[in-house]
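Single-structure report; data block below.
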């Protein structure tokens with residue numbers, strides 16, 4: 001394919017295919033691991049990507065009015081935690097002159113999300129309320145369908161169609177023919193009474209029976225995912241990131257108080273009997289070096305982040321209200337980081353905006369605020385960027401740094417929430433203490449627990465090695481007995 005059609009592909013797509021195993025895997029999954037079919041799909045999608053200049057689509061190359069009408073946008077999550085891709089059909093009218101731009105808008109949103117969330121699947125919502133025959137555009141619908149069936153592999157979870165007018169039944173029979181048997185099962189025809197089987201009311205507008213007060217507007221580009229600032233002491237309502245001098249002074253004072261408290265906690269830790277002498281050498285005061293090891297770790301160019309994908313919270317009944325994120329700086333420079341969330345009213349994060357020294361690890365405590373419960377739709381975004389050695393790491397310097405740093409130099413990693421009924425050893429979960437022990441003591445105990453888990457993991461590895469040697473010894477013993485018996489048999493046979 002490359003030899004025959006290299007001029008028809010974007011070299012960036014070819015390079016990505018050679019480096020991104022997940023992308024290749026998605027093509028294979030979507031084509032049921034049939035290699036020839038997978039190659040054909042890659043060929044078709046690569047040619048389409050070059051034709052539509054997908055890698056270069058941006059707000060600046062598309063007409064502004066396309067964004068302003070709000071016919072297409074990303075907002076909210078379904079009950080399985082998948083992002084919702086909204087098509088407000090009432091805002092669409094057939095116009096051959098605008099068709100190419102509208103198709104590029106679809107490609108822009110899909111590529112925007114695919115790059116941002118590394119190809120995580122979408123749920124498509126066709127909101128057909130207040131639509132009629134003038135809004136039917138089968139060519140445009142076919143293009144949307146082909147994006148998911150032919151160009152973006154394994155990118156679709158389901159298509160939720162809300163209040164489709166009876167007059168469009170014939171049109172959607174044609175659409176079903178384009179989808180194929182696998183995709184047909186993804187069609188979910190709903191109305192106001194049953195749409196909440198797939199999408200909870202918090203992400204549905206009032207006309208669909210929900211409570212979402214979201215109103216689309218442009219500019220800026222809709223990005224409801226990660227809101228800022230995120231307060232260390234609970235929810236805040238001020239959305240202005242530019243801090244006044246008084247706020248900076250207050251934050252600096254608070255940081256000093258936190259450092260004093262952390263030093264006191266360190267003294268407490270030192271008084272606790274350590275499990276072994278080797279564990280004692282791992283301790284440092286605020287940023288323990290190489291002290292944490294989770295079962296899953298995202299290895300980014302600036303930070304290694306544990307856990308890699310999910311924060312495990314319990315239900316209200318289990319009382320698990322805190323999680324631990326461990327950041328490890330793998331560069332030779334100071335790395336500034338900050339944490340955002342889709343639900344700033346629920347969570348507090350300590351620290352939410354700080355820096356990490358070269359070669360050290362730092363703990364981030366994520367706490368549920370008040371009487372809230374974690375949701376599958378909640379997400380966290382960790383942003384990181386290298387700082388110059390000459391730059392300070394105080395609150396004023398960090399504030400200015402995030403204003404000036406180019407977006408291209410910022411590493412981003414996303415974590416989703418997972419709600420469980422009982423705690424998992426693989427998740428770094430902190431439990432609220434029922435006996436009113438101070439929160440700082442809980443954190444100390446959790447550090448000890450994490451180290452115990454590390455020791456437990458090493459013991460399991462040693463036990464597995466011992467079992468393997470034991471099994472090998474048994475096999476060798478049986479072989480020895482068999483050989484000895486055979487030798488006795490030969491000697492007896494010769495004497496006879």
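Backbone N, Cα and C define each Cβ position, glycine as well.
The domain 'CRAL-TRIO' annotation in TrEMBL covers 62-216.
Look at TrEMBL and you will find 230-271 tagged as region 'Disordered'.
Annotation comment: TrEMBL describes 242-256 as compositional bias 'Basic and acidic residues'.
Summarising the annotation, TrEMBL assigns domain 'MSP' to 302-420. Averaged across the domain 'MSP' (302-420), pLDDT for the predicted model comes to 82.
Annotation comment: TrEMBL describes 468-492 as transmembrane segment. Away from its own ends, the transmembrane segment (468-492) comes close to no residue of its chain (no Cβ-Cβ distance under 8 Å at least six residues beyond either end).
When the domain 'MSP' (302-420) is classified with DSSP, helix, strand and coil residues number 13 helix, 58 strand, 48 coil.
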